[in-house]
Structure formats: structure tokens, C-alpha cells
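In what follows, a single structure is set out as C-alpha cells and then discussed.
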Amino acid sequence: MLKLQPELDVVREKPESTSNTEDSQLDTIIVQIGQFGRFQITNYLLLCLPIICNAFYSISYIFTAGIMDHRCNITQCDSLESSYSALFLNFTTPNSHGAWAQCEHFAFSSDIDTVTAAAACNESNFNQSRLISCEAGIKLAEDERTIASEFGIFCADQWKLSMVGTVNNIGQFVGIPLGGYLADRYGRKTLLVISGILSAFAGLARSHAPNYYIFLGFEFLDMAVGSTLFPTAFLMALELVGPKHRVLAATSITLTYGLAEAALGYLADYIRDWRVLLRVLYTPALLHLIFICLLPESVRWLLSQSKELEAMNILRKVVRVNRKALSEQQLSELMRSNRKLVAQSTAAGGHYSMRQIVNALGWRIAQCCFVWFTHTFIALGLSLNSSELSGSKFENFSMMGFIQLPGSLLGTMIMHRIGRRWALTSCMACCTIFLLAVPALQEVYPVTSSVLYFMAKMTSTGSFVILYFFTSEIFPTSCRNSLLSFCSMVGRFGSMLAPQTPLLIPYYKYSPHFLFAIFGFVCACLTLYFPETTNKALPTTLEEARSLDRNMPKPPATKSSV
């Protein structure tokens, strides 16, 4: 098992890494009262709820609206007891690459007037040169209830199943930036409570949907209100730990997300009814109500809103819970310095206008948007292409969740060792190399090629962990959630485009691999122009965020190894 404990003591090795200016007084206080003590651990346990909920809700459509293996019901041969696979399929149903045709079968000979039921199921009675569409219903491969089986969505209507995933991403596209703005405006805690409860109601209502279109409407509503759970919880978790412990904080969140996805596969395998599955997944979201009493608001957000007294009370509680010491004089100094910092902003209430943000950080925002697009494009694209793996779809899905665990640990380890920029570049460069190696080795070394495919998924996960973490550090507090959400929103275009990549396969089998590799290479190069944020205080103002570029270290003289 990878040990993360040494990271906890790094702050003692380089005390000069935390600036002594007014801007970093909060980080200095957090170091003194406990960077990752009992108070932070308790909050992390609470924040596991929105993280797990978001993992379930953003991808559950794979099971509730998944395409089910099916074939035509052959009236002359099938009975109530017959299974999906039967010997008579060899002469009644076309077979392509080991799979039975789903929406057509061989025509029953029209020149036969009367035959007994026993004699009808005979190879000589089927015209294998003439195909007809399913006329007597569908026979399913598994005893599973999804919206496909309940609403009769097969063959020509199967586009409706893909549309559920598209609507899910459209809901996230709308909800993530809106939630980010509301979290920066009204508070992290407030948004978590409201989003969690509304998402629970939307999901439970969807489990009672009487038809496809009502189901689709609640799918959109669910993600429009619930997609902000992860980014808000992620930022809230980071904003009360010291600079040296943000790595550990990000790791805890991402590991929880990966385990939740893996658990979803097992839950879906155990609960084969989509209505029951949704009720099991969404009922726990009602527990977000307890956050009103148990979860404190982000101290950094309170300070950015000039709510110093509330922030001071929370810091005093941290001192008590972590059993540390903090003088009232230090709190008073923090209050005075915070008022100076807030006063530097010309926007009312400490908020910057869109023009100010774009003028100060426009290039950085554009970089972030492209990098986010690339990461979502590759991450979802790799998952979609893995659907052709042999074995149970439930187990394969769970394995994709488990693969995120070593990927998350990999990203955590290297960004602590070599810094955020080089870690992000290295992971994406490795992913690109693995993707190029897969088609090169597939014919001669198929097993090695498969291993490289999973390593590409692992490194892309590690890169995503670093990106989420990195984006949280390069923007000022008053607009951090908004800009993180905006970059994530643009990234949704990648997740919308990824399902279309299989359309390239008829032209060239490995076209998706090369397309992912091209984007990955450009992304790896572009990330070198980000500022380095390792061991630096989180920026509070636009000027602090801009100064990260001026303090950016020069690239090493020798070429870094990926």
C-alpha cells in the first residue's frame, strides 16, 4: 500500500515555503492549528456523501438506460421457456462476428401452408437469403429491467437510449457553471444542501416515470441541480487544509469517487430493476439535510465575503477540536489583513466583474478550457471503447472504477514529487505514448496491448486528478468555484464528442486511439505554460493569481523524463 504519511511532515522541512505576507496569514494559522486534524477529517467524512452521490448520478444511466442484448422472437421455435441462446438460432437468425442479429431474422418459408408446431422449427422452413424485421417481439439476453425493456426501446428506437446520456451531459453543462456561480455567491454549504435535496427529489421522481419522455426530463433536471455536488465538495474540502496537505485532501476525494463508481457496478448487478436501483441510489441524498447542523461553511469563502466574525468562530472551533493553541491577537490580525485584501477589489462585495477576470486571467482560462476538454474527451472515450471487453458488463464497469484508484495515487505521488505542471504533462504524455503503442502491438502481442490500454486509462485518471487539483489553485477565492465550474462545463463538450468516436472505426480501426493521442500530445505541451503552485498559498485576489505567472520557475535545462 502506498504510504502518504510522509507528506504530513513536509511543512516542517520548508517553513519558508509559506509566505509571511498578509496574503498568507490564513495558511499560517491553519498550519498552526492543524493542517489535517480531527476537524478536517470529520468534515471529509461528511463530504463523502456528495462525492458518492455525484459518482452515482453522473453515470447511472449506463444501467438504467443501457442497450440490452436482444434478438427477434422466433414464433415457430421460441416458447416461454426458451433462452436467448438456442440451437435453432443457427438457421433462424444471422450471426456476425459471434453475435446474433438483434433486429432481424430469416423469413419463414411462405410456400408452406400448414405445418405442425413441432415441424415448423426446421432449417428447411427458413429462407436464409431473405431477412425480415422482428414481428413477434423481442427475446432478451438477461432477466433485467431497464427503460429499454419497460418502454420497448429496441432496434430503430435505440437512439433514445443514447439520448439519455446526451441529456445527462447537457444537464451537467447547464448545472456545473450555474452551481459554481451560486456557490461563490451564496456559499459552499448552502449549495451542497440545496443541490443534494433537489437531486434526491429529481432522482426519486424519475424512478416513478410512467414513460420515456418524463424519464428524460427528470434526467436533465437531476444533473442540472446535482452535477455541482462534486466540484463544490472538492473545493470545500481543500479550503481548510494547509498547502502541504492539499495533495492528501485531493487523494481522499478522488479515491472515494473511484470506489463509488466501482460500487455502482456491483449494486446494478445485484438490483436488476431500474426503478428499485434509482430509489436505492437517490434516497441517501436526503441526508444532505444534516449538513445544516454539522457542516461548517468554508472559512476562505466567509473571509472573501467580509464575514470575518463567522470565520473567526469556525477557526476557534478548529482549535478546540484539533486541541491546538491560537491567540486572539492572531485572529485580529487575520481580520484586519482580510479587510485590506477585500478592499483591493473594486467589485462590490468582493466580487470581480467578468471583464476584470478575463483581462487578468484570459489566457489561463483558455488554457484550462482546452485541457479540460481533452481530459474529458479521452477519459470517457477510453471507457466507451472498453465496452467491447469480454465478460460481464457489471464487472467490467466496476473494474474501470477500481482502475481509477492506482491512477489517483499515481497522480498524487508524482505531483508532490515533481510539481503540478510537470506531473500533469508527464501523465498526459504517458497516456499518449500508451495509446500509440496499443495499435502497434495489437496484432503480435494482444495481451500486452490490452495492458497498455488499461495503463492509458490509469494515467489519464492520474492526470485528471492533478488537473482538478491544479485548477483549484490557480484562481482567486472569490471566483475560484465559478472558474473551476466554467472549465468543467467546457470540458463537457469533450464528453459529448467522445461517444461519436466509434463512428471512425469503419474508416480505420484505431482512429479513436490516434485522435485521443493527438489531443493528448497538444495538451501535454500546453500544460507546460501553466504556473507552478506547489507549496504556495491559495490566491485570494486577482493580483495574487496573476503573480503566480511572474513567479513561475523556468523549465529545467535538461529534458524531463515522462
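Every residue gets a Cβ built from N, Cα and C, even glycine.
The transmembrane segment feature in TrEMBL is assigned to 44-63, 190-206, 212-235, 247-268, 280-303, 361-384, 396-415, 422-445, 451-470, 482-498, 510-530. Among the features that TrEMBL reports, domain 'Major facilitator superfamily (MFS) profile' is placed at 113-535.
If you look at the transmembrane segment (482-498) against the transmembrane segment (190-206), you find fewer than three C-beta pairs under 8 angstroms, all six or more positions apart, and that falls short of contact. Cβ atoms under 8 Å from those of the transmembrane segment (422-445) belong to residues 371, 374, 378, 410-411, 414-415, 452-453, 455-456, 459-460, 462-463, 466-467, 470, 509-510, 513-514, 516-517, 520-521, 523-525, 527-528, 530, 560, 562 of the same chain, restricted to positions at least 6 beyond its ends.
When Cβ distances are compared across the two stretches, the transmembrane segment (451-470) makes no contact with the transmembrane segment (280-303), since fewer than 3 pairs at least 6 residues apart fall below 8 angstroms. Sequence-distant residue pairs (6 or more apart) of the transmembrane segment (361-384) and the transmembrane segment (247-268) include fewer than 3 whose Cβ atoms are under 8 Å, leaving the two stretches without contact. If you count C-beta pairs under 8 angstroms between the transmembrane segment (280-303) and each of 44-63, 247-268, 396-415, 510-530, the highest count goes to 44-63.
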